[in-house]
Structure formats: C-alpha cells, structure tokens
Amino acid sequence: MTEQKVRKELKTDMPSIYSFELHEMKEWLKEQDEKPFRAAQIFEWLYEKRVTSFDAMSNLSKELREKLKAQFAITTLKTVIKQTSQDGTIKFLFELHDGYTIETVLMRHEYGNSVCVTTQVGCRIGCTFCASTLGGLKRNLEAGEIVAQVLKVQQALDETDERVSSVVIMGIGEPFDNFEEMLAFLKIINHDNGLNIGARHITVSTSGIIPKIYQFADEQMQINFAVSLHAPNTEIRSRLMPINKAYKLPKLMEAIEYYIQKTGRRVSFEYGLFGGVNDQVHHAEELADLLKGIKCHVNLIPVNYVPERDYVRTPREQIFLFEKTLKERGVNVTIRREQGHDIDAACGQLRAKERQEETR
C-alpha cells in the first residue's frame, strides 16, 4: 500500500474516490484482482460524465461496482447559499458531510471561467485583514473535497455548455498548510484522465510557509505560483500578516528566488492596498527596491471591505499612482479587476455571515 493511500485512509473510514490519483486507483484495482485499465474507465465516469453513483458506471462489472461502493464515497457538496453578482460572478457556500461550510467562487472572464477553491475549513494564519481566519482553523480538506468543489461548479456550467477553464487556489485557508492534499488535488485536476486543466491554467497561492515553498519548488510543476506579500517591509508585513514573525521577509524572498531558479517560472506577488497602511508612493518605491532583479509580476488588489476588520479601501486615484510608481521603476504590475463587489465577495465573508446568522 502506498504512502499516499495510507494518508487518505487515515482521514476517514470511507475515503473520497476523488482523492485518488490514477496510479493509486490502478494499484487498488490490482489489490482487488481487477484489471488496472479499469482505472481510466472509472476516471471517465467521474470526470467526463460526472456521475455521482457507482451504479451508473455501466461498463464495470457489478462485482467491481460493489467493491467501489464498499470502499469509497463519491463526495457530494450541498449548496447552502448561491449568490450571483451583476458581473456574473457566482459565490457558493457548500456544506460538507460533517456540517462545516466552505466557499467556492466562479469568476467569469473574457478568456473563460475560473474557479477559486478552498483548502481548509477556516484558517490559522491570522491575517489581520481577512475574514477567512475569523473563528480559526477547524480542519483540513481532503483532496477529494477540493476536487468536488470544481466538479460542483462544472455541473452548474454544464447547463449552459460551458466548462471550467482555470482554477485558482486562493479561497479559505492556507494551501501550503494542507500541502499533501493540495498537491494531490493539483495532480488530479491536471491529469489527462482527471479534469484535464492545463498547468498554466492553475494558480496556487501561499502566505509564505517557507519550508513548503522549497518543497513545492522541488516538485517542478509548471503551475502558476503566487505569494501574498501585501507589504514592502518587515514591519508592515508583520502587522498585516502575523506569519511574518515566524517566516521573516528576507528568508521568504530567498525561498522565492530558489523557486524561480528551480522552475524557471516567474512569481506573482499579491499586494492588497489598505488605506494609509501600505499604499503611499514611498511604499511603492520600497516595494520596487525589494523586488529588484526578481522575475515577478505584481497584482495590486483593491481590498473588499470586511465589517469585522478596521481597514479601509485605498482611493482609486491613489491605486493608479501606486501602479504608476511601480511601472516607472520597471516592475511588471497590473490592477486586479474587481469582481463580485455587490455580493459577499471577500474571502470568508459569506461563511462568516452565515455563522453569525446561525448564532442569533
């Protein structure tokens, strides 16, 4: 039995079949005295035909279907809330088997449909501007529960003959704090027999867990990599992101340079603009100095208002000035397009709102 299979079987008595990679399914079939080629058939039913019952897998023997039913669950998510924005963004609040809720967002772009997935129930990182960390971390998601989010959104898109064209792992939780499950998820959605989403159409983001950045670099995946930076120096970053006290900014930059050297890929830096905190011209100049010589791109993010937090949005004129200052210093930068502004679009907001209503 492989290490990964042990990892999954420790999670629950009935692991999600979506948590298994193709080679793991082949190994399981061998253990059951079944032909390994059946794995591709099972994956076709799961990811192309998107059935939610083993009984629907009509080209498998009844005996094999019974074995599958006895050992695996097909993870299903219950839609608790579905909010649709005027710009087409859809935010889902899904309920898991144990009653916990998670958020998933469908964002519509000119180039296709992007899904933002959650990797944890809650978050332990404690960023002082984020609604996701309110209430702390409850548990990690299994790879199958992350896969199920993409499939649930894809099922909604099937009604209009559309498909999920890209995935971003920027929802609730710190992906690198759930590293093994996140990695399995990446491999499943990228695989030809899985959801077949190209590596260049997948983005994973981290707040800066340095040891995992090195580990991720060594995987040498051609997946887009983003780092939540949000500050040009240690003092401001420690105020915004307590993780900076454990993983210092200079060491984080060293890890990022290792990633670039190892993969040949550029890094995206997420930089949320908070009024009067990190959005002045001198902050932009300091940020340009920090990133000098690094193969990177900066996404400036006009932050969504979170009622439980004290930060305010940077005025639009100041955002443009910040962008202009970076460009003048040779930094590749764009302002992220705002989506879902008329719904509970900030990460963790919908879940937090639902929890508040439950406690009234």
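Note: Cβ is positioned from N, Cα and C throughout, glycine not excepted.
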**Message:** Using only what Swiss-Prot says about S-adenosyl-L-methionine binding by GLY173, GLU174, SER228, LEU229, HIS230, ASN304, identify which of SER114, SER205, SER238, SER268 is listed for that site too.
**Reply:** SER205
**Item:** From binding-site residues CYS123, CYS127, CYS130, the one whose Cα lies nearest GLY173 (S-adenosyl-L-methionine binding site)
**Value:** CYS123
**Message:** Using other CB atoms within 10 angstroms as the count, which residue among the binding-site residues CYS123, CYS127, CYS130, LEU229 scores least?
**Reply:** CYS127
**Message:** Are there any residues at least 6 positions away along the chain from SER228 (S-adenosyl-L-methionine binding site) with a Cβ closer than 8 Å to its Cβ? List them or say none.
**Reply:** CYS127, SER205, THR206, SER207, GLY208, MET241, GLU270, GLY272
**Complete:** One should report the C-alpha separation between HIS230 (S-adenosyl-L-methionine binding site) and CYS123 ([4Fe-4S] cluster binding site), rounded to whole angstrom, as 18
**Prompt:** For GLY173 (S-adenosyl-L-methionine binding site), what is the secondary structure state per DSSP, taken as helix, strand or coil?
**Reply:** coil
